[in-house]
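Straight from Swiss-Prot, the features:
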DISULFID  CYS114-CYS193  disulfide bond
CARBOHYD  ASN2  N-linked glycosylation site
CARBOHYD  ASN13  N-linked glycosylation site
CARBOHYD  ASN20  N-linked glycosylation site
TOPO_DOM  1-44  topological domain 'Extracellular'
TOPO_DOM  66-87  topological domain 'Cytoplasmic'
TOPO_DOM  109-116  topological domain 'Extracellular'
TOPO_DOM  138-159  topological domain 'Cytoplasmic'
TOPO_DOM  181-203  topological domain 'Extracellular'
TOPO_DOM  225-265  topological domain 'Cytoplasmic'
TOPO_DOM  287-296  topological domain 'Extracellular'
TOPO_DOM  318-361  topological domain 'Cytoplasmic'
TRANSMEM  45-65  transmembrane segment
TRANSMEM  88-108  transmembrane segment
TRANSMEM  117-137  transmembrane segment
TRANSMEM  160-180  transmembrane segment
TRANSMEM  204-224  transmembrane segment
TRANSMEM  266-286  transmembrane segment
TRANSMEM  297-317  transmembrane segment
Amino acid sequence: MNESRWTEWRILNMSSGIVNVSERHSCPLGFGHYSVVDVCIFETVVIVLLTFLIIAGNLTVIFVFHCAPLLHHYTTSYFIQTMAYADLFVGVSCLVPTLSLLHYSTGVHESLTCQVFGYIISVLKSVSMACLACISVDRYLAITKPLSYNQLVTPCRLRICIILIWIYSCLIFLPSFFGWGKPGYHGDIFEWCATSWLTSAYFTGFIVCLLYAPAAFVVCFTYFHIFKICRQHTKEINDRRARFPSHEVDSSRETGHSPDRRYAMVLFRITSVFYMLWLPYIIYFLLESSRVLDNPTLSFLTTWLAISNSFCNCVIYSLSNSVFRLGLRRLSETMCTSCMCVKDQEAQEPKPRKRANSCSI
């Protein structure tokens, strides 16, 4: 009798151990079951790399704006700074799934951690996407209404717009705490998020109709019309050159492309990157919530592809701004100059005499 009870107890322990191991080794890309290290290595490397790039890139943008007061005179800088702060917090928040993949306990119930993390990331990405749309509207007004632009876009209105963006982003994902469904797949690193917190077709449609679709439409509409205006300006310039040929015009044509064409190329890159990173996520979000497709690998890849937009934002929107590039160059020169001054001071200070066999540069 005792032996039979002991056998049953061992079987139960072994089965529970197998379940725990499978739960512990479940990795989003399906490369779990590591026999040597109990870590989702590939997923951890991807998230850590993205976290480092997002934090480093957006910290650079924030630091340049802080040290270059000239940038504050441009209305676009309000949205770029807001986007940089939101994307920076996205990078910091990405440390949470990294710790989960490394199997560090958060000290909080997994369901609560999953819900809070998913909500925060969704809000931050919403702020970032709304800022992208506002930047496109700002550039559209600057080109289509240059005379009344200063009256339409004032610092006070910009601050109100940024506050409304944060409030709207916080409210639109709030129903996820009241059983409406999962707001995204950012928390699917957690086991509870992936298996117990399901998406809802109605809530997904609600988010897409009130956030993703309007932002994508605004970006596409404004940049398409800006691109169209740039082409029209280029055509008018070429017509004037044909009517009034001169040596200066010919030489300027040979030296490089017109500013309108360069600006159009910047807009093309911005729009292309935006849709390449966000469109796969939105499509999968709709298909999975409609129970048409369910693939953890696609969920992981599309989610972190969209999150990588937080790094691409600071690269494209900042480096495409000539004033920002100037501020970054001056900041780099200042830092290099200060380093050289420190080295010169150290060189001028008397140093103890070195022995003959010591190394000196």
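Just so it is clear, glycine is given a Cβ too, placed from its N, Cα and C backbone atoms.
Most Cβ neighbours within 10 Å among the disulfide-bonded residues CYS114, CYS193: this distinction goes to CYS114.
Each residue in the topological domain 'Extracellular' (287-296) gets a DSSP state, and the totals come to 4 helix, 0 strand, 6 coil.
When averaged over the topological domain 'Extracellular' (287-296), pLDDT in the model lands at 82.
When Cβ-Cβ distances below 8 Å are used as the criterion, the transmembrane segment (45-65) is approached by residues 71-72, 77, 80-81, 84-85, 87-88, 90-92, 94-95, 97-98, 101, 189, 304, 307-308, 310-311, 314-315, 318, 324, 327-328, 331 of the same chain, each at least six residues removed from its ends.
Same-chain residues lying 6 or more positions outside the topological domain 'Extracellular' (109-116) and placing a CB less than 8 Å from one of its CB atoms are 96, 176-177, 187, 190-193, 196-197. Sequence-distant contacts of the topological domain 'Extracellular' (181-203), counting only residues of its own chain at least 6 positions beyond either end whose CB sits under 8 Å from a CB of the stretch, comprise 23, 26, 28, 43, 47, 97, 100-101, 110-111, 113-115, 117-119, 121-122, 125, 173, 175, 285, 288-291, 296, 299-300, 302-303, 307.
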